Every structure is written in C-alpha cells, then in structure tokens.
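For reference, TrEMBL has these:
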| type | residues | note |
| --- | --- | --- |
| REPEAT | 131-165 | repeat 'PPR' |
| REPEAT | 232-266 | repeat 'PPR' |
| REPEAT | 335-369 | repeat 'PPR' |
| REPEAT | 437-471 | repeat 'PPR' |
| REPEAT | 538-572 | repeat 'PPR' |
Amino acid sequence: MVVTNSSSTSFLVAHQPSHFSASLPSLHSTNKAPVFPIQHRENVRFTKLVASTETHKHNHNHNIGSFIDLLKACEQNGSVKNANCIHGCVLKSNFDDRDLVVFLNHAVHVYSKCGDFNAACKVFDGMSQKNMFSWSVMIVASNEHGYYNDGVLLFCMMLERGVVPDGFAFSAVLQSCVGLDSIELGEMVHSQVVVRGFLMHTVVGTSLLNLYAKLRKNESSVKVFNTMPELNDVSWNAMISGFTYNGLHLQAFNCFIDMIEAGVTLSNSTFATVSKAVGLLGDLNKCHEVHRYATRWGLDSNTFVGTALIDMYSKCGSLSNAQILFDSKFTSCLVNTPWNAIITGNSQSGSHLEALELFTRMCQNDVKPDVYTFCCVLNSIAALKCLKSLRETHGLALKYGFDVKAISALNALADAYAKCESLESVEKIFNRMEEKDIVSWTTMVTAYCQYSEWEKGLAIFSQMRNEGFVPNRFTFSSVITACGGLCLLEHGHQIHGLICKSSLDNETCIEGALIDMYAKCGNLTEAKKIFERISNPDVVSWTAIISTYAQHGLVEDALELFKMMEQSGAKVNAVTLLCVLFACSHRGMVEDGLKIFHQMEDTYGVVPKMQHYACVVDLLGRIGRLDEAVEFINRMPIEPNEMIWQTLLGACRIHGNAELGKSVAQKILSTRPQYPSTYVLLSNTYIESGLYEDGFSLRDVMRKQASAEK
C-alpha cells in the first residue's frame, strides 16, 4: 500500500505522505515477545482444525470464530509461525467475504502484537474489502511500531474513501498525534471529533485528555474534561495522570479528592496514578491519606496498588513507612513487583546494604527477580564498591536464566564493574554487547575517564559518533573531563562547540565540567566567563569555580567565592569543603582552615572523610606544627590510612624531622612493605636532615628490592 497526497484532507497540510507498504522495515526492537509453543490443549485443537480444513475445504464445518480464538492464542504466546498456519488455513477455506474481513482484521492485530509489522502490512494491503475496523486496527498497529505519521495518513485515506470513523478510530489517530508530538494535528483531529458528533463519546474524550496532557496543554485538557457529559473512572484517571505527567502533583491529588466526592469508583489504576503524584509532591500527610483510602476500598493488599504505595512512601522520603507496609502485606508475596519497589526505595535512599539483604530474602522466598531487580541491586553494589558481591550477583543472574543480553542489564553491569574498579570487566562487557545504546557508550567513556585513560575515552567518543550515536549531557561531561585531563585546550574548545550546537551548554553537569576543563588547560578567563553566564549556579558550578581559583593560587578569590556561595543559599557539599581546605592549606591559612573543618558537621551537615582529615594534616604540616598534626591524627574518629601517614611523612621531609619521619614510615611499611614512595620520602628526609649515611643506606635497600623483583 502506498499512501498518496490528498487535497481534500486538511491533515496533510503539515505532514506529507511517507512510504508505507508491505516492504516497510520492521521496527528495530529487542523487546519482542518470546516465542513459546501453544499450550497442549490449543495445540491439539489447532492440529485438528488444520487436518479438517484440508479435508473439507469447501464446507463450513468450522465457523470463523474458532480460527479467531486460535489467533488469540497465538497472540498470547507470541507465535508468528502458528499465526501463519492458521492464516493459511482460512485462506484455503471457502469463508464468505464478511467472515474473511473479520478474520483478517484480527490477523493484522495479532501479527502486530507478535512483532511482525511487515506481515500486518501485507494482510492489510491484500484485503479486497475493508471496513472501519480494518482501518482502525492498522492505525493502532502503526502506532505500536512507531509509525505515527502513517497512522495519521491512514486515517486521512479512510475519510477519503468514505469510511465513517467511530470512537475507536478517533482514539487511535489521537494516539498517532501524541506520538508525532504535534499539537497542530491533534487540534485538527479534535475539530473532526466535533464535526462528526463524537465530542460526547467517553472513549474519545479520554483520548483527548491524554493528547492535551502529553503535549503539555493542561488548560485544553481541563476544558475537555469539564465538557464531557459522562465522567467514568477512566476519564478521572486520565486527568490525574495528566496532572502528574506535567509535574502538577498537588492538582493531581486535588483531582483525586474531587473524584471521591463525585462518587466515582476508585480502581487500581487510580491509586497507582495518584500515589506517584503524592510521592513526588513529598507531602507525608497526603501519602497517609491516599493509603487510608486504599485501605478503605480494600485495595491496600492488592499487589499492583501495594507496589505503588511502597514506591509513594519511598519517593516521599519515608522509607520506614514503605518498609512497614511491605512487612505487613507482602513478605510472602511471590510476585516480584512489591519486592522491586522496596529494594529500589532502599537503593535510592542510600540504604544499599538493606537493599542487598532484601534481595537475598527475595531469592530465599523463591521470588524470581527480573531485569529491573538486577539493575537496582547492581546500582547498590556499585555504590558499595564491592567487587565480590558484584561477581556473585552476576553469577546469580546467570543461574536464574536472566537475559544478560538485555541492554539495560549489561549497562548496569558495566557501570557497576567500573565503580568497583574492574576496568577490564567493563571492556569485556562492552565489547561483547551485540547491541549498544547511548548509555552503553557513555558508560565506557566515563569508565576510561574514571581511570584516567583519557586517550581511550576520547577514542571511544570518536568511534561512538562515527557509528551515528548522538552524545547526551553525561557523554559530553565525561569527554570534557578527558580533555581537561590531557590539557587539550583546542580539542576541548571543539567539544564545547558541539555542546552548544546540541543546546546542552546550560546543563549543570556540563557547565561544571567546562569550568574545570578550562581551568586545567590554564584558561582561567574562559572558566570565569562560563561561570558568570550561569543564572543560578548550583553546588557543582560553585565548587568547580572555587576549585579553579584555588588550583591557580588565587586563594583569597576562592574564599571570597565560598562566602558568596553561602550567601546565595546553595548547599555546600563535601567536595566544596575539600576545595576550601585545599586553598587554606596551600596559602598557610591555618586558623581559617581549622575553623572551617570544625564547622563541617554542625554548620554544613557534612561528615568529614579521609581526604578532609588529610587536608588538615597537610595544613598543620606545611607550617611545621608537626606535634599538633600527630595529636590531630591520634584524635581521628576513623582509622587513619596511608594517605594520612604519607601526608605527615611529606611534612617531616620538608621540616627535616627524621625521627618522626622514621616512625611514620614504619607505620606505612607495616601494611605496605613494598611501597616505593615511602622509601623515597624517608630517604630524602634523612638526607635533608644531614643523616646522609641513613639516607643512602635506605636507597641501597630500594635498589636491592627492585633487582629482586626483576
């Protein structure tokens, strides 16, 4: 079938016809339904029908309904092969035209649902007679496979041929308009709805609500809603969903209350939709109110509703309420969705160990995980940086028959291995992927940058673009970091140009990366320009510019920017404070640095990490206050690591304190006996303190160790 232009149909003003024929390529998707054999009962029936049809080609021993039932079984099992057999049997039989049209309409639907869009097109093209349902089902099939433009054009052809659309046809073409993101086409269809008297049709009205909501025309959506003569639960749910989709969460909740007051029956979908809105609203009282209504309607134990409520509490930040609900209703549930919801809630709130414990319980209860489960668990493992747990989970996924070829799963695995410091595993996963998406490429670029493999990161970025993938904000952020790591100012400037062409230069993560890149390349002026163009800098941007000034020795400017950041209301984080402590240390501003460090928890709500303690040791060590540095280390609430001792050893070298240096070196060598930098620092400390014999003796030890290793 080839769609042609029509001067009589207004829809074609904005959209010229596209090629639409039996030779159209099928939708490139990895989410086709799995092919399973028809159940034994249906298989026996299918065999008998085929045999009977061969014997009685010219009689009507079987009505068309039997074959349609078998087609439906094929749809459930995703079997295109069996659908072809049934289709062939019917064509060989002598059914009348009316029955044949009914069957072929179902065949178009089933082929589409089974993922064979080409077959659906061929059936439709070959129909000598078409009724209204024929056109409607083909529009729906086009939508299902992403050919939205063809959906609109099919609707136009239907009108040209004098076929009067019904509510189902209007609903289908409105979905095509949503897919095309075209409010103009949607309004044209709306006008046809009015002209043909379907404005009062509930299904069409609900489709109009969905159209205007998805295209962010909330006022139009409200107008349609207020003019609908009959509002059922589907209409109300569409309105609540529309508000939620557009971020109008309070309006969604108020609409839910209005729905209750109107006496409309609340369904599972109602609670699923409003739960999402209220969770994102962050109002715990309203969360409790929705939960109470679900209990009153007897739906709180329903798996679908319960999952939505658990997710609602988690998004609201009340993980305790989510856990109470899960423990009281769903610990024995064999469906994985409530388990997924509580695992996700823990993972997203930072309770990663709890997420892994829940996953263990889930498996012990014989609840089968799915792709989503493993992705959530992998995110928690990545946050914990536990390579052993990652490998165990990877093995468990294979044991469960989990489809490790799913792109989302492989991306999550690659990201987890990157964060667990196994770059080799990331490369293996990436290279073995049969299909890659932009997340796959970005993960690989980011992994190389994480390990300072800047050249490889840039090479992968170039390969990605050559293969036609369009970088996103995270890809650009990583590749800009690579340019900064290599001090490639010209290359970084070119990437900056690509970012501007992609209209991503206002993205927060990119702004911070650009500031950092220009700073590392020595172009402080450009870094400052980018920062000054940011209308409302967030913590990432502030931290980047503070770090820039600190690294260039402009400590007073860095501290002044820090004060401006505090005054702006931006939340200071651990990285910001590390930059400020670094600045104080390199300028010898001990009292200022100590004051900021002691304010970290009380004023900024940041618990000091090892890097912050190391900065304070450096701060004291640089000006020779070594005894205070030792006392500070002894009072640390966490066990000092080699970073702390190396910092102190460096200070001992600067100030010639060989005795303390020897003691510190012994602490390091007790855990890392082959650590060469420790020997170098201690040797230099001895020599610079005048203890030449000890210094040269230590260097002899180093040379002997190096020879032994060879």
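Glycine is treated like the rest: Cβ placed from N, Cα and C.
Residues 407-408, 410-411, 414-415, 418-419, 423, 426-427, 430, 478-479, 481-483, 485-486, 491, 498, 502 of the same chain sit 6 or more residues outside the repeat 'PPR' (437-471) yet have a Cβ under 8 Å from a Cβ within it. Sequence-distant contacts of the repeat 'PPR' (538-572) (same chain, six or more residues past either end, CB-CB distance under 8 Å): 508-509, 511-513, 515-516, 518-520, 524, 527-528, 531, 579-580, 582-584, 586-587, 589, 592, 604, 606. Each residue of the repeat 'PPR' (538-572) gets a DSSP state, and the totals for helix, strand and coil are 27 helix, 0 strand, 8 coil.
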